[in-house]
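Engineer: Okay, here's the structure, questions in a sec.
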Amino acid sequence: SKMTVKAVKMPCTSANVYTKVPDGGWGWTVAFAFFVVEALTYGIIKSFGVFFNDLMESFDETNSRISWIISICVFVQTFTAPLSTVLSNRFGHRLVVMAGGLLVSAGMVIASFARSVVHMYVTIGVVSGLGYCLSFLPTVTILSQYFDKRRSLVTAVASTGECFAVFSFAPAITALKEQIGWRYSMLSVGVLQLGITACGSLLRPIVIREQEEVKAQPPEESTETKYMLENEQTCTSIESIDSGVDITTSPSNVPGKTKAEPKSEEPKQHGQNPVDNSSTPPEPKTKLLDFSVMRDYSFICYAFFGLFATLGFFAPSLYIIPLSRSLGIGKDHSAYILSAMAIAEVFGRIFAGWILNKKPIRKIYIELICVILLSVALVAFPFASGFWGLMICSVYFGFMLGTVAGTHIPLLAEDDVVGIERMSSAAGVYVFIQSLAGLAGPPLAGVLVDTTKNYSSAFYSCAAGMVLGAVFLALVRPCKTGLCHHHHQQQQQEQVEESTAGPPPELPDDFIDMDIGKAENSGKGSDSV
């Protein structure tokens, strides 16, 4: 049962062929690549709050209009998720991630020369947003294919790259702005994001060929015995239908004919076997995007969970620095609060991966508990006062955010949602549905802040969305094996019973005619006697 590694050993270019999911091997390199991609995608998005005050002063814009930069970026990133799935299935994960890294870097570099906020909408919002989608989603998808038993733990630990990025980028960019200004700082970030392209080159495709060895071992004996059994079954079936038929087609009477037929067919089947084996890997790629997951009630509930929970993912990290500044906290201490949130998120992701890696635990329920506690953390922010109050709330929020943010996409591979076979398409559709919340979340919080003149309203809106997400997450498991699924099965069973109970099975027309003809012939024979 040992896994067999690829036969062609060309570094970083050929596919890895295994007889089962390796749970390691080249997967550790893919995990490292995912760590860096997380740091240079979501880490930069969450650290973008350090540019907010500079952009407001340079472009003389309101808080809500500046918030549209990240809002459009997140929307494009999630809205184009099905496109990322289609391109990955068509051209492979490696090329798609490398192209995404080029787009991310180009958008950020061009944005450093922007003269209005509208230019930021196009460069960071559209160009970099598309690059973020092409970089992140294929990486997390192929990482899930390399691991099975350790999937939750490895994905959670690798996703901490975003947290280390926020921890290191927020103070570094703040210090860099004081030396060279925000434009050259943004230019430096864009050049740094070229590392996504290098990480994309490490994403070797994986092929699982578990059935080849089983089919290749007994090729000849199974076919001979199969044909002998088929011939015997055909003889008995002919004899049982009509006892008056002459049995001249049995193998005992005509051995030449019966032996020639299987031999004429055997070479065809032996010639087709290697073709079938060689054509099995491309078969899953016939469907570039499988929308059949939309008929799964559990996936629909899980998608609504992601839709509402996204409201609480980005806005707190964007508004924590403006909130701290409104409470009289300095720039340096505000950056430390964001860094402390990132450190706590690291421990939250590792803790969630360790818990979800336990065998007897129902992972969907652990996720539900973490979402409820995350809602409590969002409500606690408006009641914080002073540096240490915000620090405690940020650490608590960061820890709980890590337990949810690092596991909500990999949980699609669990049987409670869709399973590993449909994860690629499900991830594209799931992130696509999240795009609505990614577009509306930050601007909605910005409008509330501009209207109420209080940053607390932004955190209340995030908490409301997280509570709604918890409600839909609680319905995922019942919809999979409980009320909704059982009701749907009953409806299908009733339709099947109606269709089967309709017309009686029809007998062949010549069945009765043969018996009647025999009876007439036997009657005539007796009369003649």
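Backbone N, Cα and C atoms are what each Cβ position is placed from, and that goes for glycine too.
What TrEMBL records for 243-255, 270-280 is compositional bias 'Polar residues'. If you look up TrEMBL, you'll see 258-269 marked as compositional bias 'Basic and acidic residues'. Per TrEMBL, domain 'Major facilitator superfamily (MFS) profile' is recorded for 27-481. TrEMBL lists 243-283, 490-529 with the feature region 'Disordered'. The transmembrane segment feature in TrEMBL is assigned to 26-45, 65-83, 95-114, 120-141, 153-176, 182-203, 299-321, 333-352, 364-381, 387-413, 425-445, 457-476.
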Engineer: Which one, 120-141, 425-445, 457-476, has the most C-beta pairs under 8 Å toward the transmembrane segment (299-321)?
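Structural biologist: Maximum Cβ contact count belongs to 457-476.
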Engineer: At a threshold of under 8 Å on Cβ distances, which of 65-83, 120-141, 153-176, 387-413, 425-445 pairs most often with the transmembrane segment (95-114)?
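Structural biologist: By Cβ pairs under 8 Å, 120-141 leads among 65-83, 120-141, 153-176, 387-413, 425-445.
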Engineer: I'd like to know if the transmembrane segment (425-445) touches the transmembrane segment (65-83) in this structure, counting it as a touch only when three or more C-beta pairs sit under 8 Å and are separated by 6 or more positions.
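Structural biologist: These two stretches do touch.
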Engineer: Can you tell me which of 120-141, 364-381, 387-413, 425-445 gets the most C-beta pairs within less than 8 Å of the transmembrane segment (457-476)?
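Structural biologist: Counting Cβ pairs under 8 Å, the winner is 364-381.
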Engineer: Could you tell me what the rest of the chain brings near the transmembrane segment (333-352), counting residues at least six beyond its ends with Cβ under 8 Å?
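Structural biologist: Sequence-remote neighbours of the transmembrane segment (333-352) are 46-47, 49-50, 152, 156-157, 159-160, 162-168, 170-171, 174, 317, 320-321, 324-325, 366, 370, 387, 390-391, 394-407.
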Engineer: Out of 120-141, 153-176, 182-203, 364-381, which stretch touches the transmembrane segment (425-445) the most, going by CB pairs under 8 Å?
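Structural biologist: Looking at each of 120-141, 153-176, 182-203, 364-381 in turn, the most contacts to the transmembrane segment (425-445) are made by 120-141.
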